[in-house]
Structures are given as structure tokens and as C-alpha cells.
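Student: Next up is a structure, given as C-alpha cells.
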Amino acid sequence: MSEKVLQYDKPSLQGTLTIPGDKSVSHRSVMFGAIATGKTTVDGFLLGEDCLSTIDCFRKLGVKIDVEGTNVSIDSPGIDGWQEPTEVLYTGNSGTTTRLMLGILAGSTVHSVMIGDASIGKRPMRRVIDPLRQMGAHITGRADGQYTPLAIQGTTLQAIDYHMPVASAQVKSAILLAGLRAEGTTIVRETEVSRDHTERMLRQFGAQVDEVDGVISFKGGQTLTGTHVSVPGDISSAAFFLVAGAICEKSKIMLKNVGINPTRDGIIEVLQNMGATMTLMPYEDSQSEPTATITIETSTLKGTTIEGDIIPRLIDEIPILALLATQANGKTIIKDAEELKVKETDRITAVVDELKKLGASIEATEDGMIIEGPTPLRGAGLKTYGDHRIGMMGAVAALITDGAVILDDAECIAVSYPSFFEHIEEVK
Ligand code: S3P
């Protein structure tokens, strides 16, 4: 843990940033490349700690992975050619690695043991393991599989028809990845649509996936063939600069390479509803994931209500949207977001407690928070709880505070955005 003192003296932000690769897509590019037979090449890969954990796990399964800058190449014998790992697979802070790998390993031919860091050790795994067990998976773990460490004995699986109790792309993806190895057609029914990177990438690797009105069906036994993946920039990382551009005085910044997948773009809708001065220019040549350049400038904002089916489309952006709401006129209500409690930390408690220290008028509710704005913010010592997005929320707040913000641990930001502080320096 290293403390970081942030004294920015209210800069006006100017300039252009290229947003680094999407975390969700980067994970999946390596996972799919490892399951597929042959060579997969990736450009724009995110060199964040979470994605490096995914690479490390697959290397332990005998998959050859080379990293050169943000280009990654994966040379795999295919899932049936993996070696049984002699070491524990370490998933670090990454929920996506842990949960998606459960689905992949359940239908593999190897035995494996998985463990992550202290935060992963507190996050619920039964939401994935319950449906996987219904498919015939052999998984054991602490508290009957609720928590890591987990042991997985790969086996033959049966397809499932599963009604998602929560909107979670990690749960959906784990089931679909297990479904790839299952006998029969796996069906996943979503009431609220979660991010669809897995479905898109399955198609990119040559599989057929059907989706009609939130019902995804996918025939088991399909094989994946290595291909090229271009990773778009991560809208969840861009979010911090979208908000910074809107709340800092006399600012105008251009963000290039922002992924605008419609299952991820809730923050754009919210910024528009709040009155942000923003323009979006989609790229013509985007591949399987749509991408755009977004320009944002200092904005006069009004409070809003964020609820219902937009929540899964901006779940990771809620900490930074809460900061945005402290600078908007009137009340912002965030509800239907109880999933925040089971992220890298309890993000309802963390956001409310830390923004209060800066002087915000914010109260926690059972499923979200209520923020009254605008309030001037003051410097303070903040906890990040080892959560990258809480850390970046604090750092963006430091751009508008009177006095310094001191983060107790800024290292966690490297989980998803290793160049975050360099990017602040570039535009401030
Ligand atoms: C992710 C899904 C979301 C998100 C996480 C990444 C993914 O989690 O919060 O950061 O890559 O599938 P849930 O599936 O738990 O909602």
C-alpha cells in the first residue's frame, strides 16, 4: 500500500487521450484464444493487473501466450490439449477471471484449483457455481463453493435452461462457456440485458449464438477457431475523464477509442440527461465492438434518476457518476443497484463514506444512494478499499477540491487503468 497526495489546484483540462483497452474484452480475447485451436492475435489489449492474471492462469494450463506492448498472441492446442496445472491458478483481484474460468474449467479435461486476493475471497461464487452444478460440474470450495479457494474437476456437462436471477454478464458468460462443452442446447434467459461481449466474441471465433428478446440459445459441442481481436477502449475507464471534463472549470477534452457497445453505454445516456456538453463521433470501421471519439466540455448539470434496466449498462460507472451528481443542480437518485454491494468492495458504503469526507451531501439507501448538489468539495484523506474505481473517483474529485486529496492506496488503480495518473498529467 502506498499513499498518494493529490494536489491539483483546480486545473482546467485540455487535450486528447486515447483510452486504453476494454477490460472485459481483453479478458475474453485471451480466454477465447486459449479455448480455440490455432493462433489468435489481439491488438489494443489492456495491460491491467486483472487481465495479466487471466494470461497467467492460461500459461499455467500450458497455453503459449506472448505479449508485446498491447499486442498479444495466443497459440493454443485447443481446450482438449491443455495441461493439468501443477500450480494453483491465481486470479488476483479479478472477478471476471474467477467466474468465467469456473465455466471454462468445469467442462475441460483437467483438475485445477483457483484462488484470488482478499477481495475475491469475499465475493459470492455460488451465483456461478449453482447453475454450473446443475450442468453436472464438479466444483468444491469454502462454504460449499460460495468462496475461494475453489477446486474444479473438469467433466462432461449437460446443457441448461437458466433464468438469470441477477443481471450479471459474469454469470451469463460462465454458463455460455460451459455450454460450449455441454451436450444439448444451453439457454440463458435475461430479464435485464447485461454486457454481451461473450456472445459477440463467440460469433467472432466461429460459433453460432442466437438471441431473441433476451433469450440466448447456444448449441454445445461447437469448436472455436483462432482469429484476430481488436480490443476497443474501455468506456468504464473513459468514464473518469468524461466526468472530469464535465466538472472541471474551462475544460474541453477529446477521448479517442471509446467502446460504445449498447450494453455498456448507459453513462452516455445519463450525461445527456444531465445536460452535459458532449459530442460523439462513431468510427466507421469499428469491428465486432462499436467505438467512437467523444468530446466533453465543462457543463452545467442537473440532477437525474438512474434506475431500472439502465443499471447493468453502467454498473461500474456508478462511483464516478455519484461524484458527478455532487456537482449537478438538484437531487440525483440512484436505485436498483444493490449489485454494488458485491463488487471489489461494497461500493454503496465506500462511495457514500468517502464522498462525505469531501463535503458531499450524499446518503446511502438499501439499493443505491441519493445525492444533493451542487456542493463545493474540500480535500481530505480517502480510503480506496483496494478498489480501483473508488481510487479513481477520489483522484477525479481531487481535480475540483479546495486542498489536497490523499489516497491511502493508489496502487489498486493499476487493476484496470495503469496509465491513469499519466493521463491526468497529460490533460491538466
Ligand atoms: C464484467 C461484468 C460485470 C462488471 C465487471 C466486468 C464482465 O460484473 O461489473 O466489472 O467482464 O463480464 P457482473 O457480471 O458481476 O455484473
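Cβ atoms are placed via backbone N, Cα and C, with glycine included.
Residues annotated as active site, proton acceptor in TrEMBL: D316. Among the features that TrEMBL reports, phosphoenolpyruvate binding site is placed at K23, G95, R123, Q170, R347, R389. What TrEMBL lists as 3-phosphoshikimate binding site is K23, S24, R28, S168, Q170, D316, K343. Summarising the annotation, TrEMBL assigns domain 'Enolpyruvate transferase' to 12-423.
So where do these features actually land, and what's packed around them?
Tutor: D316 (active site, proton acceptor) carries a helical DSSP state (H, G or I). In this view, D316 (active site, proton acceptor) is surrounded by 25 other Cβ atoms within 10 Å of its Cβ, with every protein chain counted.
Neighbour count (other Cβ atoms within 10 Å of the Cβ, all protein chains): 29 for R389 (phosphoenolpyruvate binding site).
Just so you know, the Cβ of K23 (phosphoenolpyruvate binding site) picks up 24 other Cβ atoms within 10 Å once every protein chain is counted. According to DSSP, K23 (phosphoenolpyruvate binding site) sits within a helical segment.
Confidence for the domain 'Enolpyruvate transferase' (12-423), expressed as mean pLDDT, is 97.
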Student: Can you see whether DSSP assigns R123 (phosphoenolpyruvate binding site) to helix, strand or coil?
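Tutor: The three-state answer is coil.
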Student: Going by Cα-Cα distance, which of the recorded positions (S168, D316, K343) sits nearest to K23 (phosphoenolpyruvate binding site)?
Tutor: D316
Student: Cα-Cα, whole number of Å: S168 (3-phosphoshikimate binding site) versus R389 (phosphoenolpyruvate binding site)?
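Tutor: Distance between the two Cα atoms comes out at 18 Å.
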Student: Measure from the Cβ of Q170 (phosphoenolpyruvate binding site) and count the other Cβ atoms within 10 Å, all protein chains considered.
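Tutor: Cβ-Cβ neighbours of Q170 (phosphoenolpyruvate binding site) within 10 Å number 23.
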Student: Mind giving me a neighbour count for R28 (3-phosphoshikimate binding site)? Other Cβ atoms within 10 Å of its Cβ, every protein chain shown.
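Tutor: Taking all protein chains shown, R28 (3-phosphoshikimate binding site) has 27 Cβ neighbours within 10 Å.
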